[in-house]
Amino acid sequence: MPPGGGGPMKDCEYSQISTHSSSPMESPHKKKKIAARRKWEVFPGRNKFFCNGRIMMARQTGVFYLTLILILVTSGLFFAFDCRYLAEKITPAIPVVGGILFFFVMGTLLRTSFSDPGVLPRATPDEAADLERQIDIANGTSSGGYRPPPRTKEVVINGQTVKLKYCFTCKIFRPPRASHCSLCDNCVEQFDHHCPWVGNCVGKRNYRFFYMFILSLSFLTVFIFAFVITHVIHRSQQKGFLDALKDSPASVLEAVICFFSVWSIIGLSGFHTYLISSNQTTNEDIKGSWSNKRGKENYNPYSYGNIFTNCCVALCGPISPSLIDRRGYVQPDTPQPAAPSNGITMYGATQSQSDMCDQDQCIQSTKFVLQAAATPLLQSEPSLTSEELHMPGKPGLGTPCASLTLGQPTPPSSMPNLATEATLSDIMPLKDEHGGHQFLTPDEAPSPPRMLGAGSPLAHSRTMHMLGLASQDSLHEDSVRGLVKLSSV
């Protein structure tokens, strides 16, 4: 293209009206920037979250801090007043072993307290409504104060029938071995118990860490208690018992704390060792779900029949992922901005379609084919004879793309006046069906009002549509017949 011819085209392209810009007919939607909220901020349970949702604990954490204080104070006194003397007089391995036990105890305690125990997500309102509907259909509608039977399901696990209870708070059927914690207000998978000493529920995802914590804590307590007594006895042999107590008063406090706590810790460790070896939970053992007192037919369907296998599954099996997305973002319901309705886009689309014949594009819509076939007839109508009007196969119609000239035609003198004779009953739409195609008049194309010039093709077609067509029935019939033949070819 020559350089001179590219200028007007570029000016035309740059002067196009943007359909996305605001206009007086539109009210632009002003979006307010709202800070995205994490899902832990709207979590329905009674839990506390720290570090942006990474740490999850129960709401009652007072006893947990007491546990931390007891462990830190006892271990700190031991390392400060006893380990130095024991390392010099007996062996330097004592503080090393004590340090390893201390860090292992603290690590397992924090992992138990800060992790998700296996909380089950609650049902959404749609899921809850659908589940309630299914339950009502299964139980039947209640009337006259009649309460339907308990909402339970029965499943068979290793030949044993297990009931699944419906949780009215979470609106779900709890899976096997799950239970609802009244303190945390959550359904926990493979629920064992709620432990205030660790400040969290004990369930499927943190049970192994809880067991390692109480087991290592029992070893640490016995270790500290034993070497505190050794320290006092060793000093009493040199200076006497009272002088030994005066030289190391912290040893007395350590011995008292360890003496009163070691029995409960060792007992708890032994009890959970039994539960792990039989693949049971504290909740199942308290309820006696698989007790032999109910008969030989009542056996534990979750046990592998081997103590070693049960321990390996509980302590070395894979940890299931968390089912709640604590750190995900809450999706806000943002309104979608409405599409512009000022007619500019529709007009631009109509104008681009009207230029198809000028670009020698033979793929056209039916309204442009009709316009190409009808316009030459109306322009040459004064020179046609009565015989030529009744010739449906006359080749004077021409082809749409080759002979279509959208000029301003002169209406024939035989046309009636619009102001006096045209009525709505005189308007006959040019519609016909042939081969599954429907041919529409040019005026049926959507176009915005008050935006077409007097000399445009669409304005011309609208003017010709308003002419009185009652006296030109034969002319329109010939136009339709010719158009049908063109489309069939």
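Sequential numbering from 1, following the chain as shown.
From the backbone N, Cα and C atoms, a Cβ is placed for every residue, glycine too.
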Exercise for the section: With Swiss-Prot open, pick whichever of Ser248, Ser456 is annotated phosphoserine. Expected result: Ser456
Problem - Recorded membrane side (Swiss-Prot) equal for Phe49 and Asn186 - result: yes
Fill in the blank from the handout: Swiss-Prot feature region 'Disordered', matched against 140-160, 287-307, 392-412, 434-454, maps to 434-454
Completion exercise
Sequence-distant residues near the transmembrane segment (90-110) by C-beta distance (under 8 Å, 6 or more away from its ends) are 67-68, 71, 75, 78-79, 83, 198, 209-210, 212-213, 216-217, 219-220, 223-224, 227, 230, 234
Fill in the blank from the handout: Counting across all protein chains, other CB atoms within 10 angstroms of the CB of Cys195 (active site, S-palmitoyl cysteine intermediate) number 23
Handout entry: Conformational class of Cys195 (active site, S-palmitoyl cysteine intermediate) under the three-state DSSP mapping
Key = strand
